[in-house]
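**Q** One structure coming up, written as structure tokens, with questions to follow.
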Amino acid sequence: MTIIHNLGFPRIGAQRELKRAVEAYWAGRQTAEALHETGRALRAAHWQRQADAGVAFVPVGDFAWYDHILEWTTLLGAVPARFGHPEGKPVDLDTLFRMGRGRAPSGKPAAACEMTKWFDTNYHYIVPELTPGQTFRVAREDLFEQVKEAQALGHRVKPVIPGPLTWLWLGKGDAFAQGAGDIGKLQLLDALLPVYGEVLERLAGLGVEWVQIDEPALVLDLPQAWRDAYQAVYAKLAASPVKLLLATYFDGLKDNLATALALPVAGLHVDLVRAPDQLSDVASGLRPGQVLSAGVINGRNIWRTDLDAALAMLAPVREQLQERLWLAPSCSLLHVPVDLAGETELDAELLGWLSFAVQKLDELCLLGKALGGDADPAVQQGLAAQRAALQARRQSPRIHNPAVAQRMAGQAGVSRERAPFGQRIARQQSELRLPAFPTTTIGSFPQTAEIRALRRDWKSGALTDSAYENAIRKEIEEVIRFQEKVGLDVLVHGEPERNDMVEYFGELLAGFAFTKNGWVQSYGSRCVKPPIIFGDVARPAPMTVGWSAYAQSLTDKPVKGMLTGPVTILQWSFVRDDQPREATCRQLALALRDEVVDLEAAGIRVIQIDEPAIREGLPLRRADWRAYLDWAVDCFRLSTAGVGEATQIHTHMCYSEFNDIIESIAAMDADVITIETSRSNMELLKAFEDFHYPNDIGPGVYDIHSPNVPEVDWMVELMRKAAARLPKERLWVNPDCGLKTRAWPETEAALIGMVQAARTLRAA
């Protein structure tokens, strides 16, 4: 019998029950006990579904109220002083929420902890804050209580915890200025490891046999000091009475292979979707009795698995390892939707190509039975059905568009060049006549319940096209008038017609499909529903021109056209796996180029092409960066270079660290870049200062992920810090990101303050 297990299950619920419960608690509409009851019900349902699929150990510890790294940070008692947590007391739920979002039903608001991308995914984690001499202790009981919950329901459990070195690698602190690999962070291990030891001892006391300890940092470029630390750390942790399954994912071990194989752990999980070529070396390097967990089902995409190929890859290793070969998804299933059963509106053909979390576990079970030689006819029938679905997808005429193929064949000859920036900016200033420290927003304005109801009624047919258009026009006019009243310089139309910055465009492009309930967690309670790129991408008609032109007709101030860039659409979609991602991105760039040209022709003088995801697309290994950055930058320029020098091109990036890709950002050659900087206290600007970034830049002056309204003096101080690093004539004033998730009262107060801050700076 082949053991199958799972690294983690989506925590949000099939109907986003967790999101709704958490937000109701934040709003005071639900008690803490009701929230905890929702959590218990979700965990029970998720454990049962995994057990029903044949998972040998259900994962415990993959559930989180906001973020699993934040859960672990609070378990360790690593609460920054500004949150006022009493020394030695258990960390309560509201403290956790204040760390994640700045406020909670109880406790004083405080600046939220930094949030950034989880490796190269579209999930965000809350960054641990580290200080020299920091102390740690077991400060929350949730993990242990959830183990007992699962056991009471009759499940064998496998607790899942972040490994100490990955947790430190992800952490930041002012004293650790050398970045993730700062060796000073390793000095915290002496205080940290006893707490890990205590956790493992307590889990053993609950009857736990295996603990999954996640160390995805092992797939990164590690300094030698960190490699050495792995050996020392796991020599100590191996003394615990539980068996450790060390999990790596998102890439291969590569030059860290010897380090991983030398660790005294009972099992090792590797990602064979991202790095199938490591299988032989890993298997041959195992010690006697050591388990190999093979991550063969893609935990990050939604296509059915080629089980025949997986069987062919695994058969020799199964022969070698026998029962010591375990099967699992490549990584946690956090990154895919919960269940295809909720997709009642996808056509049968496309539905047959897909696999969500529940289906991936079923695939895993089928693969395990086939690998173990199960003689049940249902196994062969299942393999045959899988084979037929893959063949149907390969042969479907829906995938290939001859017109797109023809255009792609000639895209190399399409210009990516614009006039020099100095020439462009002079022309743009003469046309736009903007003041010093011009103010703008990033694009979206609050999406009220009324706006969401409008879109919902229109999509369901309850609202006619003309009634919907009139209602959206009214919303746009209100946003324009509001911005004029506040005194913003470059306006936006507010995007009331858009449910999501990627899904909106996907609905208007050929080659995309959409789920009804394919939600995945992005951060906190924020969920996104990524489109599915299943075929060649083309733009049948203009997508934004009508709304932008209408908004511009209402005001003499410039109104930005708002587009999502090709790399971000790619990164935030589930992308076809039958051609290189680069090819799909170029198809997107050509479609967006047509839209940019049409916006200019409609009188739009400022066009923003958002690329918040360009850094997250970076391969995890630096040796692979150049190839990616070359085509990513080329795709951006392909989408923007069709307009004249008087048209000002903006781009926006958020949740990013720029130091190591600043040259490529400059090569994108946007006239203005707006970035997230407020949570980092403008530290991200150092990259632009050191590089002598040549174009205009708008460093975000307040954090839109927090409901806290910023003080004017604080925003002025942030901009003065920016002006100390960059020429003030090239600085813009703007929020960190779009305002979609904020309420109107806090939005109005924050923007009034932001405009006042800009006026203060001009008067100085």
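Yeah, the Cβs are placed from backbone N, Cα and C, and that goes for glycine too.
Keep in mind that what you see is a predicted model, and the values were worked out from it rather than measured.
Copied straight from Swiss-Prot:
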ACT_SITE  His705  active site, proton donor
BINDING   Arg16, Glu17, Leu18, Lys19, Lys117, Arg526, Cys527, Trp572, Glu616  5-methyltetrahydropteroyltri-L-glutamate binding site
BINDING   Ile442, Gly443, Ser444, Glu495, Asp610  L-methionine binding site
BINDING   Ile442, Gly443, Ser444, Glu495, Asp610  L-homocysteine binding site
BINDING   His652, Cys654, Glu676, Cys737  Zn(2+) binding site
**Q** In Å, how long is the longest CA to CA span across Ile442, Gly443, Ser444, Glu495, Asp610, which the record gives as the L-homocysteine binders?
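**A** Value for the max Cα separation, rounded to a whole number: 14 Å.
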**Q** Can you check which residues sit near Ser444 (L-methionine binding site), meaning Cβ under 8 Å from its Cβ, same chain, 6 or more apart in sequence, and list them in order?
**A** Val492, Gly494, Glu495, Arg498, Met501, Gly738, Leu739, Lys740
**Q** For 5-methyltetrahydropteroyltri-L-glutamate, with binders Arg16, Glu17, Leu18, Lys19, Lys117, Arg526, Cys527, Trp572, Glu616, what's the maximum Cα separation in whole Å?
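**A** In whole numbers, the farthest two Cα atoms are 28 Å apart.
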**Q** Given the recorded L-homocysteine site (Ile442, Gly443, Ser444, Glu495, Asp610), which additional residues of the same chain have their Cβ within 8 Å of the Cβ centre, ordered by sequence?
**A** Thr441, Val492, Met501, Met562, Gln608, His652, Cys737, Gly738, Lys740
**Q** Under 8 Å Cβ-Cβ from Arg16 (5-methyltetrahydropteroyltri-L-glutamate binding site), six or more apart in the same chain: what's there?
**A** Trp519, Cys527
**Q** Closest to the residue listed as 'active site, proton donor': which of the binding-site residues Lys117, Ile442, Glu616, Cys654, going by Cα position?
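**A** Closest by Cα distance to the residue listed as 'active site, proton donor' among the binding-site residues Lys117, Ile442, Glu616, Cys654: Cys654.
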**Q** Counting across all protein chains shown, how many other Cβ atoms sit within 10 Å of the Cβ of Ile442 (L-methionine binding site)?
**A** 25
**Q** Nearest to Ile442 (L-methionine binding site) by Cα, among Glu616, His652, Cys654, Glu676 (binding-site residues)?
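**A** Of all the candidates listed, His652 is nearest in space.
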**Q** List the binding-site residues among Lys117, Glu676, Cys737 whose C-alpha is within 10 Å of the C-alpha of Gly443 (L-methionine binding site), in sequence order, or say none.
**A** Cys737
**Q** Around His652 (Zn(2+) binding site), which of the listed binding-site residues (Leu18, Lys117, Asp610, Glu616) come within 10 Å, judging by Cα atoms?
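**A** Close binding-site residues: Asp610.
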**Q** So, in DSSP terms, is Leu18 (5-methyltetrahydropteroyltri-L-glutamate binding site) helix, strand, or coil?
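**A** DSSP call for Leu18 (5-methyltetrahydropteroyltri-L-glutamate binding site): helix.
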**Q** What are the non-local neighbours of Leu18 (5-methyltetrahydropteroyltri-L-glutamate binding site), defined as same-chain residues 6+ apart in sequence with CB under 8 A from its CB?
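**A** Looking at Cβ-Cβ distances below 8 Å from Leu18 (5-methyltetrahydropteroyltri-L-glutamate binding site), excluding near sequence neighbours, one finds Arg11, Ile12, Thr38, Gly39, Leu42, Trp65, Ser525.
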**Q** Determine, to the nearest whole angstrom, how far the Cα atom of Cys737 (Zn(2+) binding site) is from the Cα atom of Glu616 (5-methyltetrahydropteroyltri-L-glutamate binding site).
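**A** Pair distance, Cα basis, whole Å: 17 Å.
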